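Asks: The feature domain 'Phosphofructokinase' is assigned by TrEMBL to A:7-321. According to TrEMBL, the diphosphate binding site annotation covers A:G13. Annotation source TrEMBL lists Mg(2+) binding site at A:N111. Annotation source TrEMBL lists site 'Important for catalytic activity and substrate specificity' at A:D112. Annotation source TrEMBL lists site 'Important for catalytic activity' at A:K138. Annotation comment: TrEMBL describes A:T139, A:V140, A:D141, A:M187, A:G188, A:R189, A:E244, A:Y294, A:L295, A:Q296, A:R297 as substrate binding site. Look at TrEMBL and you will find A:D141 tagged as active site, proton acceptor.
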Protein chains: 2
Amino acid sequence: MAKGKLLYAQSGGVTAVINATAAAVIETARSHGVKVYAARNGILGALREDLIDTSRESKSAIAALHHTPGGAFGSCRYKLKPPATDDSEYVRLMEVMKAHDIRWFLYNGGNDSADTALKLSRLGREYGHEIHCIGVPKTVDNDLVVTDCCPGFGSVARYTALSVREASLDVASMSETSTKVFILEVMGRNAGWIAASAGLAGEGADTPPHVILFPERSFEPRAFLAKVKATVERVGYCTVVASEGIRDADGTLLSDTGGRDAFGHAQLGGVAPLLAQMVNEKLGMKVHWAVPDYLQRSARHAASATDLMQAQAVGKAAVEYALDGMNAVMPVILRGRDSPYRWKIAAAPLARIANREKKMPKSFLSRDGFAITAAARRYLAPLIRGEAPAPCGKDGLPLHAVLKRVAVAKKLAPWDGA
Amino acid sequence: MAKGKLLYAQSGGVTAVINATAAAVIETARSHGVKVYAARNGILGALREDLIDTSRESKSAIAALHHTPGGAFGSCRYKLKPPATDDSEYVRLMEVMKAHDIRWFLYNGGNDSADTALKLSRLGREYGHEIHCIGVPKTVDNDLVVTDCCPGFGSVARYTALSVREASLDVASMSETSTKVFILEVMGRNAGWIAASAGLAGEGADTPPHVILFPERSFEPRAFLAKVKATVERVGYCTVVASEGIRDADGTLLSDTGGRDAFGHAQLGGVAPLLAQMVNEKLGMKVHWAVPDYLQRSARHAASATDLMQAQAVGKAAVEYALDGMNAVMPVILRGRDSPYRWKIAAAPLARIANREKKMPKSFLSRDGFAITAAARRYLAPLIRGEAPAPCGKDGLPLHAVLKRVAVAKKLAPWDGA
């Protein structure tokens, strides 16, 4: 074994393929003779010195992570205190890294996590313990900058397009006497990437989805209802895909419940029933609605093979960058061509990524704001390609990794924080 | 071509595999040289003389129906007037059958449709046109009597168990700082078969789903909240599966919106957000909820191979029974053994099936009413086995049948009914 250990942590909302990144990290590190610790429940495990020794997991258990959704080592929503005002948490992290001779830290998350990894990367020398910090991209929201797309997004995009296609066949077949309007609510707090991916289900005004509601456009009830009505009159039914983050002209979230998560974001959910009520009341049509919620981001059984490969590639590259001595970078996906699709991995500075959010280009939304453009199709289409289902067991259900999660013996006093 | 035609119609809520039954019907009839007409939008098409000539569809288009969800010829919710008080609709149906020399009528639906097929079967001689009426079982609700299970149910059961398993991994990985309780609402108006199938996701009190709410048990908020609280304290999180049809001690539907469908059934949906609010208010825990709605019954991509085979088998048998001169029967599924699972098709009189509803045996529910028993597992387990995904196209999405749906020339005056 090489001197020093690699610490891997998962952060924020998990995805169908984040464990494939974890598997690639562990397998690549093992091939270099480097021991990997995983923080239990993300950065909280690092603060608490609650570390899992992944070298105690069998080769087959790690391999099974490639087809296991969720976060196998636990993730968390926890925002570190800004070191400029209170550096106690960053100091603690450095103490834990030092105590366990952790030389490489891989933080698998979104733009919040990139910021944390960046701040940590600057502290090594100050605390007398050199550490190489690598951000590893992951988010179904597809809202990281620099990278062409984010691992996790392609699979939720495929699930969404596939669900729209399947459910619309159901609605179409019964629309004469039953449901006329079907509303599918999808994730997407500020950027409508997932809603846009629904557009891949079909092309043309008569093909579902007929209406997509993006957070990028303010929601205008009259235009929406007119579009739904016209679609039902012309096609016989109407499939609507609504982003959870749609806002009215004042910028107020339609679904704002007043609840806030650990990062201060409004806790969303429930736009679909609101829209359903509106359609039913104003147009007098029978409406059904669906909110897949976590089903969409954990649907490993319907994952995109492209997304899976990219999730694995960023994990492998992150280890290689770390062992090569790079610091404060993230392996990002660069697109060569749309068709045939070509991509490669490259290192990008975390400073360019941390705390920024990529919105959809305006050129991706149709003029009326209810559909995607050809440019959006060119971008999105390759990301959902290929099937990569998990193997199934005798019970007919997908097989998932079963880990031992053996704790590393603690060396420090308990952390007195959260 | 043989003298006489076979008319096939789909009825009521569609499923992931009802088109596989349709494909088997058409393929079997073709192999016997019998032409198949399909009623457009179910029995309404028969009343309107709006018939589709399936002989105009290519072999490959019919083959593609085996992996196309929804109802390819259209279905409807339409209850015929009882012939005892107003026989105009049944008279019209006989006129259409006579005009098009329809000798065999296959009605693919649930217990309402079995009743219609039964009534029609008795009218042939009276109207001077002998007709053989066969009911073909189909319903995700699994509530037909006599048959061991209903085509369509196994696939929604597999989707439900699979979704519980996947989404629970997501919830488990983030439960320390985020969602503690996840509530999945599933279909099932009066019988909790779909909710029960969620139980196949795992076994034991600590394995999801931790709480199942069945329509067979009256909902007791205190017992429910206590169970959720204890589960979160013990396991760290709690996955709840709730049937849309759960009722309080007075028998009132939790989700009753006051809306009624064409059959006079209450239009349901929305139990999950009600339960979520209750858990959040009373236990102060972060809750997420999902309502897959039509996604669950159209999820052909996650269909059970067993269910698919049974859907095909009842279609084939229905044609054979009809051509053999049988009348007023339904091909039903009889179970030989649980393990290894053995089943066969047999003919059962429609009179034993029409308008009855199979509830879950009491022995399938655990004593506290929140879980399934070993007996339920023995019954349910074989039904979700095997994968049978649709082939995917270059776009990465499932391929579905594209039909021409060529109308048969009308011979009668327009129907003056609905």
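Every residue gets a Cβ built from N, Cα and C, even glycine.
Situate these features within the shown structure.
Replies: In three-state terms derived from DSSP, A:G13 (diphosphate binding site) belongs to neither a helical nor a strand segment and is classed as coil. All protein chains shown were included, and the count of other CB atoms within 10 Å of the CB of A:G13 (diphosphate binding site) stands at 23.
When secondary structure is read from DSSP and collapsed to three states, A:N111 (Mg(2+) binding site) falls in the helix class. The number of other Cβ atoms within 10 Å of the Cβ belonging to A:N111 (Mg(2+) binding site), over all protein chains shown, comes to 22.
For A:D112 (site 'Important for catalytic activity and substrate specificity'), the number of other Cβ atoms no farther than 10 Å from its own Cβ, over all displayed protein chains, is 20.
If you take the C-beta of A:K138 (site 'Important for catalytic activity') and look for same-chain residues 6 or more apart in sequence within under 8 angstroms, you find A:Q10, A:S11, A:G12, A:T15, A:I18, A:T21, A:N108, A:G109, A:G110, A:C150, A:P151, A:G152, A:A311.
Its Cβ placed at the centre, A:R297 (substrate binding site) has 30 other Cβ atoms within 10 Å.
Summarising the environment of A:D141 (substrate binding site), the number of other Cβ atoms within 10 Å of its Cβ, over all protein chains shown, is 27. The DSSP secondary structure for A:D141 (substrate binding site) is coil.
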Asks: Given a separation of at least six residues and a C-beta threshold under 8 Å, show me what packs close to A:T139 (substrate binding site) in the same chain.
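Replies: The list for A:T139 (substrate binding site) reads A:G12, A:G13, A:T15, A:G109, A:G110, A:N111, A:C150, A:G152, A:F153, given in order along the sequence.
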Asks: Averaged across the domain 'Phosphofructokinase' (A:7-321), what pLDDT does the model get? Just tell me the whole number, please.
Replies: 94
Asks: Where does A:L295 (substrate binding site) sit by DSSP, helix, strand or coil?
Replies: helix
Asks: Mind sorting out which of the binding-site residues A:G13, A:N111, A:T139, A:L295, A:R297 are close to chain B, meaning Cβ under 8 Å from one of its Cβ atoms?
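Replies: Cβ contacts with B, in sequence order: A:G13, A:L295, A:R297.
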Asks: Listed substrate-binding residues A:T139, A:V140, A:D141, A:M187, A:G188, A:R189, A:E244, A:Y294, A:L295, A:Q296, A:R297 - what's their greatest C-alpha to C-alpha distance in Å?
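Replies: The two farthest binding residues have Cα atoms 17 Å apart.
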Asks: List the Cα distance (Å, whole number) between A:R297 (substrate binding site) and A:D112 (site 'Important for catalytic activity and substrate specificity').
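Replies: That separation, Cα to Cα, works out to 19 Å.
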Asks: Which number gives the other C-beta atoms within 10 angstroms of the C-beta of A:G188 (substrate binding site), all protein chains shown included?
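Replies: There are 28 of them.
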Asks: Sorted by position, what residues of the same chain at least six away from A:L295 (substrate binding site) have a C-beta under 8 A from it?
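Replies: Residues satisfying the criterion: A:Y159.
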